[in-house]
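Colleague: Residues annotated as transmembrane segment in TrEMBL: 70-93, 105-127, 147-170, 190-210, 244-270, 291-318, 330-348.
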Amino acid sequence: MAMPYHQSTLSLIYIISESHYSQKQICIGILIFSIKWYVNNSLLHNKEEFCQNCSHLVITMGSGQHEVQLYGIAVLVIIGVLWNTFNLITTMFQQWKAGGVQTVGLIISTISLGNVFLHLSTFGIVVTMWHGVLCWDDLPMFFCVMLYVWLSSSYLSFWSIAWLSVLYCVKVVNFTSELFAKIKTNISPIINVALAVTFLNSCVMFSPFFSLNYRNESYVTPVTKNTTCVIKTPLFPTWINMNLYVLVFICYLAPLPVMVMVPSSIRLVVHLCKHTLEMRKNKTDVQSADSYLLVCKLTVALVGVYITTLTIISLFYLSKLYGSDISINSLLLGYSFYCIASGVLLTISNKNLREKLWALFCGTKASNASSKSLSGETGAA
């Protein structure tokens, strides 16, 4: 039975498992665990039956290629989680030591926290898809929880980057309007409130995912005509207008953050370019100009990481809608790129994080010259 158009909005939940070959990258350890689990529950009795019931899972045991893929996936997840955990713990300790809440530190903490849960939940969703979760008789609650964490952490991390762009823009750019002048004076409390609202909204907006389940009208898609496994589409309760709800949260995840990031970043770039040219023309305070340019580059790079990740995910989503056999790894790689790149950029842009990382690996503090590059009115130091 053909799936109606409005069901395609949930394709990020179930289309991953529609590919016939993309799951071959599953790690051997997870495969062995899954086989033992199924055998112990009298669901599968040999590897051939496992491949028949999940025919989209094509694995060559002992292949060197698969071992490389296993190590690659493991390394990406470990690097992303550890790097963002380092940023989170270091920043929170700095906030506690300072005895107050600093806006830049609060933003770094929310981005890092979101990245940790985003990376882990993305990997968890991919693994459960490898295990054919949508072929089970009932949709497990832990899968709904992972979807909730995945979307909530994405929302929190994306909007935190947007607020960071706004903070840098308002702090650096000079405004002639009295309204913007007042906003500039109180920008830190305003951003703090915005972050609190963003966190609460991320917790509430995606709560309907806990109610996802199969219903009598759930649409099924056979993996192959000879397989006994059918991929069922989880649906929201009937009281939720799915088209409207999905449209709202997709807008909050993609277009709206871009509409905040891009104008503020462009305004910051234009202002700093003019300011730097004037300073270099007058040959005054060139080192300060270089510091401002570094802030500008880092802000733009952070926005660029978000837009690049959004492009990768959109291409994956659209290719699946049109039946392309793109690998599931593109989804995991896209989020891995985002979590690692944003974490590295945050470390580079913050004096305290740079010094702690330097001390962690080299046992000594960074030089005073390098630690002053982002000091001043940007708040990045």
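Note that the numbers count up from 1, one per residue, in the order the chain is shown.
Positions of Cβ are set from backbone N, Cα and C atoms, glycine also.
Automated prediction, rather than curation, is the source of TrEMBL annotations.
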Colleague: Establish whether the number of Cβ pairs under 8 Å between the transmembrane segment (291-318) and the transmembrane segment (190-210) reaches at least three, counting only pairs separated by 6 or more residues.
Modeller: no
Colleague: With pairs fewer than 6 apart in sequence excluded, do the transmembrane segment (70-93) and the transmembrane segment (330-348) have three or more C-beta pairs that lie under 8 Å?
Modeller: yes
Colleague: Can the transmembrane segment (147-170) be said to touch the transmembrane segment (70-93) if we require at least 3 CB pairs below 8 Å and skip pairs under 6 apart in sequence?
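Modeller: Per Cβ check, the transmembrane segment (147-170) does not touch the transmembrane segment (70-93).
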